[in-house]
Every structure is written in structure tokens, then in C-alpha cells.
2 protein chains.
Amino acid sequence: MKIGILGGGQLGRMLIQSALKYDDEFYTLDPASDAPCNSISNFTQGNFNDYETVLNFGKDKDVVTIEIEHVNADALAELENQGVKVVPNSKIIKTIQQKILQKEFYKAHDIPSPEFQVVWNSDEKIVMPLPFVQKMNTGGYDGKGVQVVKTEADYQNLWKEASVIENLVDIEKELSVIVARNEDGETKKFPVTEMVADPKLNLLDFNICPVFLNEETQKQIDIITEKFLNAINSPGLFAIELFLDKEGKVWVNETAPRLHNSGHQSQEGNANSQFEQMYRVVKNLPLADTDVLGYSGMLNLVGAEGFAGKVIYEGMEEVLKLPKTYVHLYGKTETKPGRKMGHINVLADSREELMEKLIKVKEMVRVIAQ
Amino acid sequence: MKIGILGGGQLGRMLIQSALKYDDEFYTLDPASDAPCNSISNFTQGNFNDYETVLNFGKDKDVVTIEIEHVNADALAELENQGVKVVPNSKIIKTIQQKILQKEFYKAHDIPSPEFQVVWNSDEKIVMPLPFVQKMNTGGYDGKGVQVVKTEADYQNLWKEASVIENLVDIEKELSVIVARNEDGETKKFPVTEMVADPKLNLLDFNICPVFLNEETQKQIDIITEKFLNAINSPGLFAIELFLDKEGKVWVNETAPRLHNSGHQSQEGNANSQFEQMYRVVKNLPLADTDVLGYSGMLNLVGAEGFAGKVIYEGMEEVLKLPKTYVHLYGKTETKPGRKMGHINVLADSREELMEKLIKVKEMVRVIAQ
């Protein structure tokens with residue numbers, strides 16, 4: 001089957017890597033000629049935000065999917081009209097792309113998400129009490145397009161474009177759950193993962209799994225994921241990012257309609273990874289079992305401050321000596337501060353052992369340049 | 001690093017798939033334009049038995065390795081002269097390529113292997129008592145080039161070319177052990193696997209791991225692998241195929257200087273797979289831990305008799321519904337009787353459960369053509 005992916009980054013690369021155990025042809029579209037998918041797929045250099053480019057790329061494919069949500073959804077709608085399967089469908093991509101539509105989607109389907117106010121332009125009066133979060137309607141990504149407004153003095157920094165003003169949640173834990181639905185309507189969830197800050201270094205977040213939640217919290221999450229899967233009316237794999245607040249209530253922060261950083265530890269930590277699951281969604285195959293195999297955790301390898309250029313992974317050889325430690329690099333030759341270059345997954349027999357190993361690995365490796 | 005692989009088949013494909021989690025460039029050489037590695041590496045169509053072709057292919061690589069042993073070893077020796085790293089080195093490849101040299105290697109290093117007689121031409125008198133096995137000196141592969149001679153009447157079927165005449169072992173079990181050695185001299189072994197015939201169907205062999213061997217048998221295998229790793233004087237990953245005879249003695253049947261079918265279940269069954277280990281050998285990195293994660297087994301998907309053409313995996317969708325069952329296809333579009341098209345790995349909590357699952361899966365799937 002000819003599978004087209006909008007975006008040629010690491011998520012697409014790991015999807016293709018995983019799917020090499022089946023017999024499909026992968027095509028990718030990305031503006032960067034050195035995109036991680038280039039050498040392992042039929043690669044087209046082009047802008048996935050451009051209507052004509054996406055249309056041309058998709059028209060001869062059996063199915064088109066995404067590894068980034070900021071793509072031209074109108075072109076995807078036209079591809080659907082022309083009979084090309086699009087996973088997830090253009091409607092849910094469009095809804096999630098725009099924070100305003102995304103928030104209204106949660107409200108319409110009774111999915112708990114922080115109280116919000118829509119602001120279309122800078123003249124509107126803000127009624128949300130301080131402190132609050134401003135999220136740009138479009139273009140937000142990896143923490144960009146999101147700011148916390150704490151005092152009235154901060155009002156002058158408010159972005160002037162269309163945005164959502166959201167109540168600031170008093171966060172106890174940041175959780176994530178990856179859910180999948182295929183065209184036949186079969187659904188599967190991955191176990192909940194938790195973002196934990198490294199208590200010593202206070203620098204990097206780890207993603208760990210499983211998380212032990214009390215019955216009441218797990219029930220709230222189950223209700224949210226059920227409502228979400230019923231509401232989307234589309235096949236797809238989605239990462240639902242959650243806040244558990246200090247009062248014990250669970251809120252949806254936001255949803256990604258694609259493979260997600262918070263699912264990377266599933267590569268070795270679960271019976272099947274999010275990448276295998278995504279492949280099955282795209283092909284409308286029976287969904288894979290997602291059981292945990294033990295404790296697993298993931299740390300991102302991001303470019304260190306002060307280094308730009310040809311990447312060097314300092315300390316990596318020592319990391320490779322550690323048992324049940326799995327290095328995943330993304331085929332990027334150039335590093336810069338904050339760039340996601342890879343990640344490391346770690347398996348352990350207890351949460352304590354896991355945290356110890358993650359902290360140890362974090363201290364061993366540094367992403368610098370020549 | 002630029003890594004060249006002689007051969008572009010499924011072993012190379014799974015090596016590259018596994019190594020996509022690092023940042024190297026892979027180049028493959030294969031005579032078939034539709035070789036499984038074609039679309040996922042920098043592919044050169046050409047004959048890996050041809051001196052000039054191999055020399056040209058290898059000369060600008062940082063390291064050259066193999067995924068099939070029937071390659072031009074003289075060209076590899078010349079590449080070594082020119083400063084290209086060859087893994088495993090040309091000397092051990094040449095030794096293993098030729099059954100006569102391979103048998104003499106075992107003898108020279110006191111590695112137990114069945115009694116043998118070298119036959120250079122058809123005039124020589126055969127002194128080996130019946131029944132015996134004849135193995136062609138060169139060109140044997142996947143059971144080809146090997147025949148059992150049981151009676152004097154069979155003498156007329158003897159191949160006339162150079163060959164080894166070997167004592168026929170009374171086999172209790174067929175075992176395999178995959179060993180690795182890097183350039184720094186670090187060595188690691190995978191746990192022993194066993195080829196088991198399906199007692200009901202008597203059609204296909206499964207490969208399972210771990211195998212519980214008595215102390216005496218394990219000790220013999222440990223001694224064999226130690227002697228082998230000391231004798232080779234080359235980095236590499238090797239599959240040592242063993243016979244345990246009815247008297248309890250272990251013999252080396254033969255060795256492959258490469259990734260091997262008997263190691264496929266390591267993809268999900270061990271902390272790291274033979275493919276990860278091979279990558280580390282090629283790059284002279286610390287070797288990976290090979291611990292079993294539970295019971296694992298593998299069955300080959302081979303083209304059914306009577307079918308040739310565009311492949312269909314009948315029953316595969318039902319197989320994908322089974323938990324802890326992993327389908328690996330090789331990207332081959334055309335099937336023919338006996339062609340290795342893929343394999344399925346299965347995990348279980350006991351040997352009984354494993355055998356049940358393997359037999360069930362075997363009965364569910366058939367490799368046919370359109």
C-alpha cells in the first residue's frame with residue numbers, strides 16, 4: 001500500500017522504522033531536504049502547508065496521514081473528496097489545529113478542559129481572572145504559542161492575535177494517554193504516562209509508565225478517553241495531555257492528533273509501541289495490545305545551550321554499556337540549543353530503580369557540537 | 001558513518017531497520033533490483049561475487065560487512081589492504097565459505113565437529129562408514145549443497161565436486177548459539193535456542209528460546225563458544241549451529257559468519273536483538289545485553305507449495321489480533337514455493353504456552369499468491 005505522510009521528522013521516521021516489518025511503500029513530504037525521513041522513504045521536498053503541494057503529494061496515495069498537525073487541512077478535505085483515505089480525517093485535524101475550535105470541541109462533548117474565553121482581537125475585554133494562560137489559536141507547537149499571564153502588568157505582553165484565554169490549573173501531575181481508533185471503530189488505549197521533573201536537576205522532564213493513580217482519578221481519565229473516542233468520528237492515534245489538579249480533578253490540557261513524544265517509551269516498554277499502533281490505524285488493521293512489560297521511562301536528548309553545528313553525543317558510549325537502556329537518535333546531523341535530537345528509553349523493575357537510572361543516564365550524556 | 005553491506009536481503013533489511021535508531025548511512029549491494037534493502041538504503045545493483053564490483057562498492061565506505069557469506073572474499077581482503085574496515089574480516093569469511101577450510105578450522109582449534117574426510121574429486125576412495133553426509137565445499141546455503149548418503153546404492157548420487165564427507169550424527173536436539181565479538185575484543189553470547197519440529201504437523205521447525213539444558217551440555221557449549229571466539233581473531237557476529245547427540249555430546253554442525261534465522265526471535269524475546277548486536281559489532285561499540293525477557297519462539301513464513309506470484313498472507317489479519325505476536329515481513333512482493341517471505345515471533349510465559357501459540361499461529365496463516 002502507498003502510504004503518504006505529511007511531515008518527514010522523527011515521528012515519521014520512527015513510524016516507518018516500525019512499519020518496515022510489513023510490506024508498504026512510504027512517501028514523505030517535508031520542507032527540509034535533510035529531514036529524518038528523507039533517506040528511508042520516497043521523499044518529496046515541499047511545504048505541507050501549501051494547498052497545491054499537499055494535493056499533488058496525496059492524490060496518488062492509498063492513504064495519507066500526518067506526523068505534524070500544522071498542515072493544509074483544506075487540501076486534505078479535497079483529497080477525501082477525491083476518494084483518498086486521510087487518517088485522521090481533515091475535520092478532526094482542523095478542529096485540533098485551532099485552539100478555539102479545540103476548546104469548543106471539548107465543551108460540546110462535555111470533556112473537562114479548563115474554563116476559557118475566546119479572544120478574536122486585542123480590543124476584547126478579558127474577563128478571565130488572573131493568573132491565566134494565553135494560547136494562540138494557531139501555530140502553537142512544543143510550548144511555543146503558550147504564555148502564562150500572572151499580573152496586570154503582564155497584560156501589555158498579551159499577543160494580539162486570535163487566542164484562547166484559559167484558567168491556570170494548579171497542577172499536581174501532568175499525565176498523558178495515547179488512544180487509537182481504527183476505521184472499523186475498534187479502540188485501544190495505552191496505559192497512562194506521567195511527566196516527572198527530575199527533583200535534583202530540575203532541568204528536564206522524564207516521561208514514565210506505568211503511573212499508579214487512585215480509582216477516582218483513573219475513572220475520570222477513562223471517562224475522558226471514552227468521550228473523546230466517541231466524539232472524534234475519525235480513525236487516528238491521539239495523545240491526550242492531561243492535568244491532575246491539587247483537588248484531584250482531571251482536565252484535558254490539549255490533544256495532538258498524531259504520534260507523540262509522551263509515547264516514546266512504548267518502543268521497549270509496552271507489548272507494542274505507539275508506532276506499531278499508528279501503522280495499524282493507518283491500515284485499518286486490528287489494533288495491537290498495549291500492555292506494559294515493566295517500568296519504562298524516556299528522556300529527551302535535546303541540543304545543549306551554547307552548541308550549534310555537527311552533533312556529538314558526549315558520553316554515549318558509556319550509556320550503551322547500561323543494560324535495558326535504548327538510545328534512539330533521529331538522523332539529524334546538526335544540533336542547536338533545544339533541538340530534539342533523540343531520546344533514551346530505560347526499563348526497570350520498580351519506579352525507584354527507574355528514576356535512579358533516568359537521572360544517572362541524564363547526567364552521563366550531553367548533546368554538543370564539534 | 002558510511003556502512004556498506006554485501007547483500008540486500010531480509011537480514012540486511014532488519015539490520016538497517018534496527019540501526020535506524022542511530023545516525024548512520026547504509027549502502028547495500030545486491031544483484032536483484034527488488035532486493036528488500038533497496039528502498040531503505042543507498043542501493044547498488046550488482047554481483048557481490050564479482051571482485052571489481054565488491055572493490056568499487058567498498059572503497060569509499062568506513063566499514064563493509066556482509067549479510068550473506070557467499071561474497072568475493074579476495075575483494076574484501078584487498079579492501080582491508082586499502083584501509084577499509086571489513087567485519088567480519090576476509091580471512092574468517094573465506095574460512096567459513098569453504099566447508100573444507102571450515103572443518104579444518106574446527107580441528108585446528110579443538111572444536112568438536114563430526115569426523116570428516118575431504119574429497120577433492122570423484123576418484124578418491126571414501127573411507128567414511130555409512131551413513132554419512134556430503135557437504136559441497138562451496139555454494140551450500142539454506143540446506144542446499146548438503147545430502148545424506150545412507151546406502152551403497154546412494155553412492156551413485158554423490159556430487160563429484162570438492163566436498164566434505166562427514167559422519168552422520170544421531171541427533172537428539174538441534175541447537176544454535178549466536179555469539180558476538182567487537183574489535184576491542186569484548187564478547188557476548190545470546191542464550192541457546194532450539195529448533196523444534198511441530199509434533200502435530202511435522203512440517204515446519206520452530207526456533208525457541210530459552211532452552212533448558214543440563215549442566216554438562218551447557219558446559220560443552222560454553223567451551224565451544226569460548227574456543228570459537230578465541231580462534232576467530234576477527235570482530236563479527238556468528239551463528240554456531242550445534243547438534244546434541246543421543247549420547248549427550250555436543251558437535252558443531254556449521255557456523256554462519258553473519259546474522260541468522262535462528263536469532264530472529266531475539267527481536268522481541270531478548271533485551272536486545274541480534275540486529276542491534278550486529279550493529280554494535282560493526283561500529284565497535286560496547287556490546288548489548290542479551291537477556292531473555294521470557295519464552296520466545298519464531299516460525300518462518302515460507303511460500304506455500306503450488307503458489308507463485310504476487311504474495312497474499314492468508315489469515316494474517318487474525319494473527320494480528322493475537323497478543324504478544326509479532327509479524328515481520330521482508331518486503332518481497334513475489335512468493336514462490338519455499339521462499340522465505342517473513343517470520344512471526346511469539347512471546348509466552350512457559351514453554352507449553354509457547355508451543356501452543358506457535359502451533360496455533362502456524363495453522364492460521366498461509367503464504368499464497370494472487
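Backbone N, Cα and C atoms are what each Cβ position is placed from, and that goes for glycine too.
Curation does not apply to TrEMBL; its annotations are automatic.
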Handout entry: Matching residue for the ATP site, where TrEMBL names B:K135, B:E166, B:N167, B:L168, B:V169, B:E174, B:N253, B:E254 - out of B:K91, B:K94, B:K99, B:K219
Key = B:K99
Completion exercise
Out of the binding-site residues B:E166, B:E174, the residue with the smallest number of other Cβ atoms within 10 Å is B:E174
Fill in the blank from the handout: For ATP, with binding residues B:K99, B:K135, B:E166, B:N167, B:L168, B:V169, B:E174, B:N253, B:E254 per the record, max Cα distance (Å, no decimals) returned as 19
Exercise for the section: Could you say whether, by DSSP, B:E166 (ATP binding site) belongs to a helix, a strand or a coil region? Expected result: strand
